[in-house]
Every structure is written in structure tokens, then in C-alpha cells.
Amino acid sequence: MLTLTRIRTVSYEVRSTFLFISVLEFAVGFLTNAFVFLVNFWDVVKRQALSNSDCVLLCLSISRLFLHGLLFLSAIQLTHFQKLSEPLNHSYQAIIMLWMIANQANLWLAACLSLLYCSKLIRFSHTFLICLASWVSRKISQMLLGIILCSCICTVLCVWCFFSRPHFTVTTVLFMNNNTRLNWQIKDLNLFYSFLFCYLWSVPPFLLFLVSSGMLTVSLGRHMRTMKVYTRNSRDPSLEAHIKALKSLVSFFCFFVISSCAAFISVPLLILWRDKIGVMVCVGIMAACPSGHAAILISGNAKLRRAVMTILLWAQSSLKVRADHKADSRTLC
């Protein structure tokens, strides 16, 4: 027998807790990604040449700032403006569409970063692969422009796929024990189709990311076997670079899979079952993932680590000066 899920209301305590967690996640995510952006952008202001990896990190931080902003707007929408009788109002649809596009650009940039790591760290023996690695290193700016172009194309196609369908309501009456009325809205299905369509466009960069990460893993294995045979020195710059790059890529893979699963689960939770608490949990998971990867990127990048140490030393010296000033003022009194 077919059973329907009743629409559950969300208490004020749950909404307040979710909003508080969302504010914390937004603050942490905004600060970490804004830090990555400002450190690299400051070099641009000083007219210093950015490395290829710094250019990718600059673009990646911008896309994640958009992601965090959209997820925070989604949290505000869920807690204050969204009604369970009509969960997909126009503003929430726009937030979801923009999030899908920003997430798509984020994946393309991660694939570009993975290719860059491969071109720098892997020692190729085949002539074609050597030429390809050299081409990737030289054409990174064009690749970033291509990512922006692909994101714009995906934006147009997703918007066209969503808004080209008719938006009307089909009502089906099911006679059950309580004579419940089930409303199926075609616009809900349109959003789900657009969601699937955008995820299909994510397959090429995801495969590119997996292939390049796999090649880097194989290269690390070969390098470790070579070290065991020819040297006993445990400290090797190339090995450390391989490990840092793989740590960044593996963490992105884990965070991206978790975030994508949460996003995919949130759609039927919202459209079919009207489970706002489940959607809140999914949005919280989606907001935590970019912050975690940004923290790993900061810990694995020498320039960003130096900037963090500079800020910490400045804060420590400022606190010490204030403490000494207060002690001197008390002595004078």
C-alpha cells in the first residue's frame, strides 16, 4: 500500500541551532577562503608574478566564496522564508541553480590543479606525455579562461533546461484511509532534471581529476621504490611534494563526494518528503566541506603557511604590547 509522508514542522529551537551552525560555517569558510584570496591577490597588487598553482588557488578561493555565500543564503531561506507547502519558491530555485554552477566551476578548478601537480611532479618518459606536461604548464591561464567559459555555457544550458519546461501543477487524488491529496508539481521535476543534467556535465572534469590523481599516486609509488633501492635518506623534497599534493587531492575527492551526496539527497528530501530537518543537515554538510579543504590547502602551501605565521606573530606581539602598556599604567597609578 502506498503511504505518504506527512509534512513535519520545524521547531524554533531547531531552526535557531541550524542558523547558528550556519553562521559559524560561513564565518570559518569565508575567513579561510578570503585569506587564500587576499594572500595571492596581494602579490598581484604588488605586481609580483604568480605561479601557476597560485593562480589556480586564487580562482578556487573566489569560487568557494560564492559557494559559501549561496549556502548561507540557503540556510536563511530554510529558516525564515521557506514554507513546506511550497518549498521551491523562486528565490530558493535561483540559489540552487547558482550553487550547481559554482560547484561545477569548483570541480573544473580542482581538475586543473590536479593536472598542474602532474605536470610538475611526475617524471614522464614518453615524448607525448612530456610535451603534454609542458603544454599544461604553459597554458594554465588559457585553461582557467576555458573553465570560466565552460561554467558560463553550463549556466546557460541549465537555465534553459529549467525554464524552458512548462510550470504548472498536476494534482492527483489518491483515496486512502484518510483521503489524502497528493500534489505533484512539474516545476519540482524540472529542478530535479536540471540537477541531473548539471551533474552529467560534472563527469568530464571528475574523470580528468581521477585520472591525473591516479597518475600522481602511481608516480609516488615508483618514487618510493626508487628511494628504497638507491638511497637511505628519508627526507626527500620530491617525496614531500608528492605527499602534499596527494593529500590535497585526496581530501578534495573525499569532501567533494560527501558534498555531492548530501546535495543529491537533499533534492528528494525537499521535493518528495518535505523533510526540512534532513535538508538542513545536508546543507550543513555541504557548507563544511569547502572549509575543510581550504584549511588543508593552507597547511600544505608554504606561502600561505608563512602568511599565517606572520599574522600569528603580529597578533602575539600586539597582545604583548597591550599587556605591557596596561602593566605600565598600573605601575604609574
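Quick reminder: no glycine exception, Cβ is built from N, Cα and C everywhere.
Topology check against Swiss-Prot: H90 and D324 carry distinct topological domain names and occupy opposite sides of the membrane.
Residues 53, 56-57, 59-60, 63-64, 66-67, 70-71, 73-74, 77, 136, 140, 143-144, 147-148, 150-151, 154-155, 158-159, 162, 191, 194-195, 198, 201-202, 205-206, 208-209, 212-213, 216, 248-249, 252, 256, 259-260, 263, 290 of the same chain, all 6+ positions outside the transmembrane segment (95-115), place their C-beta atoms under 8 angstroms from a C-beta of that stretch. Same-chain residues lying 6 or more positions outside the transmembrane segment (56-76) and placing a CB less than 8 Å from one of its CB atoms are 18-19, 22-23, 25-26, 29-30, 33-34, 36-37, 40-41, 44, 50, 92, 95-96, 98-99, 102-103, 105-106, 109-110, 112-113, 116, 140, 144, 147, 280, 283, 286-287, 290-291, 294, 297, 301. Counted within 10 Å of its Cβ, the other Cβ atoms near N89 (N-linked glycosylation site) come to 12, all protein chains included.
Counting same-chain residues at least six beyond the ends of the topological domain 'Cytoplasmic' (116-142), those with a Cβ under 8 angstroms from any Cβ of the stretch are 52-53, 55-56, 212, 215-216, 219, 238, 241-242, 245, 248-249. Within the chain carrying the topological domain 'Cytoplasmic' (298-333), a Cβ under 8 angstroms from the stretch's Cβ atoms is held by residues 32, 35-36, 39, 53-54, 57, 244-245, 247-248, all 6 or more beyond its ends.
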